[in-house]
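Per TrEMBL, these features apply:
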- 325-337: compositional bias 'Low complexity' (COMPBIAS)
- 18-305: domain 'Sugar phosphate transporter' (DOMAIN)
- 317-337: region 'Disordered' (REGION)
- 12-32: transmembrane segment (TRANSMEM)
- 44-68: transmembrane segment (TRANSMEM)
- 80-100: transmembrane segment (TRANSMEM)
- 106-133: transmembrane segment (TRANSMEM)
- 140-157: transmembrane segment (TRANSMEM)
- 163-187: transmembrane segment (TRANSMEM)
- 199-218: transmembrane segment (TRANSMEM)
- 230-253: transmembrane segment (TRANSMEM)
- 260-282: transmembrane segment (TRANSMEM)
- 288-305: transmembrane segment (TRANSMEM)
């Protein structure tokens with residue numbers, strides 16, 4: 001009995017440790033990127049180049065871990081047709097999301113960027129309806145309205161609003177929504193389920209190639225012309241390691257907890273980022289209207305997460321009941337044969 005209690009307690013402590021690791025790495029990576037891009041000390045204001053470094057580093061590290069050291073396993077089942085029809089669009093949208101999201105940090109504060117990200121469920125739902133993955137309902141319409149209203153209030157309360165930064169951030173939101181839609185199509189219609197390590201193994205090289213082309217034409221000429229920037233190998237390598245560690249922490253949290261836990265942890269992380277950024281960055285000035293609007297939006301996001309989780313649980317239980325009911329039928333036909 002005592003051993004069982006100790007085992008349960010140790011598992012609980014380990015679960016909370018994974019969640020804390022995810023929240024710390026996720027929020028820390030946002031602050032790290034902002035610091036690298038906007039800090040006068042680092043002086044590397046090139047979000048496209050930074051994102052390209054992340055994807056190249058992730059591609060090389062995934063290959064080493066899975067093919068050379070063989071510490072991690074890549075899921076089987078990937079075909080050329082699936083790669084072209086699903087992985088390449090996912091990689092392109094992932095590259096777009098990271099590029100535009102990081103670029104937004106040059107124009108708006110971290111806290112305001114995080115508030116704008118709360119509109120994500122609205123973008124995912126609208127695109128999901130257009131793709132035939134979601135059904136319009138009064139409940140979902142109400143939830144989307146609450147989230148949109150909250151983001152509008154938070155934007156109204158922003159003191160130093162920069163519309164260029166808002167456009168970049170909204171572009172990143174659309175890119176992420178499209179990525180999630182393509183991921184759902186990959187799982188539902190293609191029947192392929194990949195763990196986060198496998199996703200990064202397949203997606204990172206594609207994202208790197210998608211980022212390389214615009215970098216050559218958009219940022220490389222600036223970097224060649226403006227020789228005032230500096231390259232800090234140690235800082236940028238550490239930044240890339242933190243990005244990869246964040247992806248692994250997501251894998252650990254998903255493996256040892258539930259979908260509800262990761263969603264709740266995500267909401268906690270959002271609040272941590274918003275509040276801590278006001279202490280860490282001089283360009284962040286929170287107002288009461290900001291916080292009230294964001295609270296309304298987060299309430300809508302929580303309702304959306306709850307709705308999605310209930311829908312997923314109903315689908316899983318339905319699949320299990322169908323599988324159970326089919327077992328006697330198979331046995332019966334076998335005995336008849």
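Each residue, glycine too, has its Cβ placed from N, Cα and C.
Automatic prediction, not curation, is the source of TrEMBL annotations.
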Inquiry  = With pairs fewer than 6 apart in sequence excluded, do the transmembrane segment (230-253) and the transmembrane segment (12-32) have three or more C-beta pairs that lie under 8 Å?
reply    = yes
Ask   = So, does the transmembrane segment (230-253) come close enough to the transmembrane segment (163-187) to give 3+ Cβ pairs below 8 Å, pairs being at least 6 apart in sequence?
value = no
Inquiry  = Quick check for me: are there 3+ Cβ pairs below 8 Å between the transmembrane segment (140-157) and the transmembrane segment (106-133), leaving out pairs under 6 residues apart?
reply    = yes
Message = Is it the case that the transmembrane segment (199-218) and the transmembrane segment (260-282) touch, counting contact as three or more CB pairs under 8 Å in which the residues of each pair are 6 or more positions apart?
response = no
Task = Give the one range among 44-68, 106-133, 230-253, 260-282, 288-305 whose Cβ atoms make the most pairs under 8 Å with those of the transmembrane segment (80-100).
result = 44-68
Recorded stretch, among 106-133, 230-253, 260-282, 288-305, maximising Cβ pairs under 8 Å relative to the transmembrane segment (44-68) = 230-253
Ask   = For the transmembrane segment (230-253), which stretch among 106-133, 260-282, 288-305 has the most Cβ pairs under 8 A?
value = 260-282
Request  = Please work out the mean pLDDT for the residues of the domain 'Sugar phosphate transporter' (18-305).
outcome  = 88
